[in-house]
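*Asks:* What follows is a structure written as structure tokens; I'll ask about it next.
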């Protein structure tokens, strides 16, 4: 296979000088890969390797003609031939007349290749075995039959002549002999082995085959055949385009790679360490030579065939050991590493040497905290700095004339003479270094700092950057890298300095937020004192900050004393200040706390926990910009540490106060549980209901005890000081409510490793100590937690890698692509609570359409293509606008990457994204980085995790008129009504019939308000049984059971504990459908109800019932509901676009449901639309629970059965925009559960990449085939081209690819090969003759170029400033200095 850099003509002299200056990268702009012809291989080669020997064991010199021969591959020593006749550089390029070695540098042994002339052709295993087999596609044979030919089991007919044999027909030995006897020896040609395959390929006329295949394509209607034909077409057209011949896939000449790439190293004791490739080559040469000799000796066919097969197998092992048959093993039964293994996997050439390299000028050491540092500094041990900055020191020593040679300078440095230390100080001043902490999960894991030289061995880190690095000081290590070139230093100073990374790129929240001690100090200063002054009690009035500080220093006042000071914000607008009062009543601590913040914030007169500190920092940045914020942060750090130290807060066991009420609460719960057990014993409720009720009771109890605990801690039993446990928890410095509850209250319910909840809660707290049984129960959860953590870290890393790979090439390509399409954003509700407001979702995006003020329609709030600022977003939210369409990466039409407007504001900078920003990588990191925090939460409900119990009622949020929509009701005896279907909704409308609220109504809900009645805000609209899903009857009458066969469709179980018999519907294979029929007195059926699997039947046959009676009930699985798949696996499942196990059936059209019996053991459900006369039928497995009933009106995309939604179906039925909504909301839900904020735009970028392919449904006049997947941008461009030429454009449907698939489908074969399935990607690319245009990141890193993003964009890279000779550079007016160059 040959890979050629496609050369760009460049005059070589100019290139050499520029190359020497390090300006010009190697001059090529694309790389192509094709199948190499035998001529090409011979052209690469410098000679044939005939001898399997490597080096002479006595002289250690390479054997002539062997695998290390100097004549073929070049001299072992620089400028010295093998026999020693010519030595030194003066004989450069002379070929020695005695030993035939060219006198040159030894480095040529890394690039010169040899070759082996094979005695018989040999098939290349990649083209034979890599599925789909390329040889098979070309010859239209199966891989299996090809193998029989290539490994000399069968003959293949190549030219049938006049005989009735078919071309490419396989013949066994006996059949071959019979054919010869029958037709004569010369009447047809049949051969064995790769030779037969080569001859068949030589005879293939590619052009004619293409024409024939296209004809067949037109003729056939079968999708199966079309699929097969388009596969063959693709490969054959690939060969035509790349001007390669298919017979080149069978090798006649084998290339030998340069010897220095498969070295042989002598070890002590006379043994050698060798690369496995030498062994594999040696086998090939041995077998090849033996075969040659045998063929000259007129040996019997059997022996020759065997020898030929062995040669084929030897070459297979060399290319891809283990692909065919048993792998060839070396010493200790270890499979040898073949050429393919050299490329594959983490240790392969791509990932080990091309994408990740070891770096010079770097070191690593343990980190410790550096509270004395400024934000832009880090402490670097002098010993490390001396080594890292050595070249700079040497240069400076020479400049200052201390030494004249590099050796002298090195000696001076080794002696550590005093001048060296001074020069080190000078050299490191203003020269930033990069600090990196593994795992590098997002871009903030590498930041630049100015080094401050320190004694000792450990690197010192500023405490505020610990959050970004996720570092702590329990032995973490960090690596230091020194940027060398001027450009690198500038980028570090301007872009990577810790001071310019205040905000998190994933959510735009400050990431430099203080934690632990600093938070504790700040909270301690601002906390509300215990004693409130009485109503008319006088409080000292001081003149301001200075006087307060005097009073504190004097000991006259304490930090928590009330004091009155003049209000600095009187009469001016500030963010937190009070504009009205002239005198503020506050505490001494708060006066001190306020001195560090900028005046525009106003006087902060409330306690400041961690979350409020974040707000203060955000607002400081808005008011004063970057530099002032950085200075404020440093002041906050100083103040926090000092205060925390002076406060001397520590916790003792007595501070964990156990509430007295705990006993009574537990006793009360036990009483309630006894009642539940009694109900169960009488048989009123089922086992499942009993369990759920008990668990709900205990969850409620735990919450009540927790409330008591917090109340107790807050009041601190009437002591004067604030409880230290409470301070730590409330300030957010350490510990959360859950942990404190377990210390002082109860541990609560625990989960088994399977995720089920154990019914008996742990009632003791850690303060009281656990009993043996309780301790044992709690070990379950703890151990599972540890095992999960270990397993999940690898998964999170892998997810990040896949996301990076798929989104890598998304950069901002232009400022505006001109498209004004977009996606709708609306607020997110959970139940009745708004969790994410519309404002949060649209701020920082560009609006697609004009947004009008609903109250005054002539006013445009924001125009189309304009930025939605915070002010506008707040306005939109306040005016009650439901949804806004914003521009999105999903709808951007930019050719490569996306445009700045569709991305909006870059969360890390707060400014609109610039051309060249690598937003794809940022998106992948933002989603992957929190992945490590997403524990595999096995229990979302119960466990020590959380108790999620939704109240079984709907309260309305707005007053208005009730309107029923699509509800089927039945009146009950007491005049209320009960809902019978799952698909109905109730709307609340205002006087103008404008919809205010919509509620989905649960089946079995009891409605309190009639259709068209008025309802007040907060009134209860509907209630339902939280434990069961009922099956209710619409009609009254006598009951008859159908298909209820004990032991087949239903089982009667005796409930041990309650002693009653229950009838439950069970899973069944037969064509049966358990139903309850309702008949009128004459025995005519009025209605029939299918009873789902798992339901308990609540009536007996022959009963006479009223409308609305309960026929059966299915327990709602409450205790494991949320845990379908949680956390990380769920995110991976969504991004991989996997089809769920039992996906819900979705209606494909709007229409009315009807059932039409059973077909092949499945129920047939038909949706008919009378207006359009469409009908769609669905076959539904009997075990599945159908949630619609005959006669229901369903909408397109509505679920007909229970189950999870399938993203592919959503795309197919409802189109892309519904899919966007689905995926964004599902991914966000997982992260929200963990309290992680991620901006929607990151998820949108990944989804854009998953949807970038379309599948051709009709090729029209384009060159595409039916069923081919092509890039959306390519597809549109090709169609435009065809339309301009007046042809028929192609048609296609969007398809959703999982991120792994999408990564492998990139345009660039280099990028795909370095991701996964290397051999398959390269095989594919070479047969299609692909050309890599080096547009993306990975391929450029691999080729050693700058990446085409940020400062590496061609438009910046090739920037030239032209000025008349002697002119000065234009000087920009003075700007305030950026924070990065802040003086210490």
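Note that Cβ sites are derived from N, Cα and C of the backbone, with glycine treated the same way.
Residues annotated as Zn(2+) binding site in Swiss-Prot: 81, 83, 96, 99. What Swiss-Prot records for 472, 474, 476 is Mg(2+) binding site.
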*Asks:* Which one of the binding-site residues (472, 474, 476) has its C-beta surrounded by the most other C-beta atoms within 10 angstroms?
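*Replies:* Output for this query is 476.
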*Asks:* In this structure, which of the binding-site residues 81, 96, 99 has the fewest other Cβ atoms within 10 Å of its Cβ?
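*Replies:* Selected from the binding-site residues 81, 96, 99 on minimum Cβ neighbours within 10 Å: 99.
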*Asks:* With every protein chain in view, what's the tally of Cβ atoms within 10 Å of the Cβ of residue 83 (Zn(2+) binding site), excluding that atom itself?
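*Replies:* So the number of other Cβ atoms within 10 Å of residue 83 (Zn(2+) binding site) is 14.
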*Asks:* Which one is closest to residue 83 (Zn(2+) binding site) in space, judged by CA to CA distance, out of the binding-site residues 472, 474, 476?
*Replies:* 476
*Asks:* Taking the mean position of the Cβ atoms of 81, 83, 96, 99 as the Zn(2+) site, which residues outside that list, in the same chain, have a Cβ no more than 8 Å away, listed in sequence order?
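*Replies:* Sorted by sequence, the hits are 70, 82, 84, 85, 86, 97, 98, 100, 101.
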*Asks:* Based on Cα distances to residue 472 (Mg(2+) binding site), point out the closest of the binding-site residues 81, 96, 99.
*Replies:* 81
*Asks:* Expressed to the nearest Å, what is the distance separating residue 474 (Mg(2+) binding site) and residue 96 (Zn(2+) binding site) at their Cα atoms?
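*Replies:* Between the Cα atoms of residue 474 (Mg(2+) binding site) and residue 96 (Zn(2+) binding site), the distance comes to 64 Å.
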*Asks:* To the nearest whole angstrom, what is the C-alpha distance linking residue 96 (Zn(2+) binding site) and residue 476 (Mg(2+) binding site)?
*Replies:* 59
*Asks:* Residue 476 (Mg(2+) binding site) to residue 81 (Zn(2+) binding site): how many Å between their Cα atoms?
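*Replies:* On Cα coordinates alone, these residues lie 53 Å apart.
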*Asks:* Can you list the residues of the same chain, besides 472, 474, 476, whose Cβ falls within 8 Å of the Mg(2+) site's Cβ centroid?
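*Replies:* Checked against the 8 Å cutoff, the neighbours are 367, 471, 473, 475.
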